[in-house]
Amino acid sequence: MDRYDVVVIGAGFAGLTAARDLREAGKSVLVLEARDRIGGSTWYRPGALGGFGLEMGGTWIVPEQTHVWAEVQRYGVPVKDSELPERMTWSDHGEVLDTLLPVPAEEYGALEHAVRSLIEAGERLDPMRPLSEQGLEDLDVTIRQWADNVGLTGNARELLMSWFCGCANANEDTGSALDVIRWLASMDNSLWGMVQASVLGYTFVNGTVSLAEAIRQDGGADLELSSPVRAVEADDEGVTVTYEGGQVRADRVLMTTAVGVWQDIRFTPELSAAKQAMSKENHAGQGQKVWALARNVPEDISGFGWGTSFDYVGAMETTDEGVVLVCFAPEHDRVDATDLADVQRAVREFAPEAEVVGAESHDWVNDEYNKGLWSTFRAGQFAKYEIAVGEPEGRVHFAGSHTARRWRTFIDGAIESGKRGAAEILAAR
C-alpha cells in the first residue's frame, strides 16, 4: 500500500492550496478527487453558451479578498473587472419599475430605515473572528425573522429579503441573516461593496480553472481524479483512506469536501456529534444558478427582483447570438433550466420582450459531491457548528470554504482554509 505524509481529499481551491503549501514544506502529498476535474465548487466550461465560457459555480472575486487576490498576483492569472450597468433594473412581482429607486416616494423613509438597519447590524460584526463568539444570536435567525425584528415594511422589506436570499442562495425561511450580514462587514460595511462581491466583481479571463491549475502545477502533488473516498480509518500509527480504485496510507488526512458529503464516508473513529449533525442537516445554500442566452434584452441589464422566479438577472457578455445572462434563484427547482420556455418566463419578469434561445445550468443540490451551492449556514447553525466544522479530529483535519472566517463560502475562504489546514498539519506532532 502506498504511503504519503498527507492525503488531501478534494481538489477544489482549499485542497489544491493546502497540497501546494504542504509540498513546499517538503511533505509527500496525494490529492484524491471524486470528480473527473479539479476545481470543486467552481467549474468553468469554455464556449458553452453562444461561444461564451460559463462559470457553473464560483465566479467573482474582489481585491478585498486578500487570499485569492494574492494568488492571482502570484501566478499572473488574468482577471477583468465587471462592466457596471448604467442603472439597476427592479422587478416587483414581474412588473419592471422604471424608477431610480425600487420604492415609491412614500416609502423612502422605509427604505432609509432598511439600509440603516443593515449597516448597523454589519457594524456589530468582526468578520475576522468567529461570529458565534460575538453575542450575535439575534442576527443568527432566518432572513424573514430578521426583517420582522427590525420592522422592515413595504417594497424595502421585499427588496432586502430578496437580496439576502440571493446572497445566501437560500430562501427566507432557512438562510441565516447573520451569514449574509457577514458579507457586508467583510466589505467594511459598504452596500456597494457587497453588491460587487456578489455579482459585479472581477472574473477570470480564462475561467476559475486557470487559477486552480496554476496552484496545482506549482504544488506538484500527486493527483487521482474520479476517485471518490469511501472510508477514512485512523489509528495510532496513521490513517488508511479507502477510495474507489484502491487504498492509501498517510500520517494525516485533510478533508476539504462539502459538509453534506461527510455522511457518505465511513469514518473510524466516528466524527464528532456536531460534525455528524451538520452533515445531516446540511447548509441552506440549496438554490440554483442558471445561464441564459437571450435576445431583446438590454446589453447591460442588472436586475434585482422580489416576488419573481429569479431574484437576480444580470448581463455578462454580448455575443452574435444574444446577451448572456446569469440568473439566480433561492431554490434549486424554482425554474426548470432544461425548459427554455420556463427560463424565458422567468427572464421576462425583468425584460418583458426577452427571447431565450439557450440555457445551461448544473444541479449542484443533487450533485452527490456537493449537495448544494455555496454553504450559507441555516439559522442557528453558527452557534452549534461554526467552530466544530473546522476542528481537527485526531489525525484527520478539516478545511473548505465553510470553515473560513471573513470570506466563508467564497473562493477566498476556500484558499484561506487550505492555508490554515496545511499550517495546522505542519504544526501537529
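Easy rule for this one: first residue shown is 1, then count along the chain.
Note: Cβ is positioned from N, Cα and C throughout, glycine not excepted.
TrEMBL labels come from automatic prediction, so no person has curated them.
As recorded in TrEMBL, the features of this protein are as follows:
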- GLU33, ALA34, VAL229: FAD binding site (BINDING)
- PHE328: substrate binding site (BINDING)
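Shown on the structure are the features that TrEMBL records.
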residue: GLU33; record: FAD binding site; Cβ within 10 Å: 27
residue: ALA34; record: FAD binding site; Cβ within 10 Å: 22
residue: VAL229; record: FAD binding site; Cβ within 10 Å: 23
residue: PHE328; record: substrate binding site; Cβ within 10 Å: 22
PHE328 (substrate binding site) as reference: those binding-site residues from GLU33, ALA34, VAL229 with C-alpha within 10 Å of it: none
Annotated FAD contacts GLU33, ALA34, VAL229, maximal Cα-Cα distance (Å, integer): 8
Env. residues of FAD site, Cβ within 8 Å of mean position of GLU33, ALA34, VAL229 Cβ: ILE9, GLY10, ALA11, LEU32, ARG35, GLU224, SER227, PRO228, TYR243, THR257, TYR369
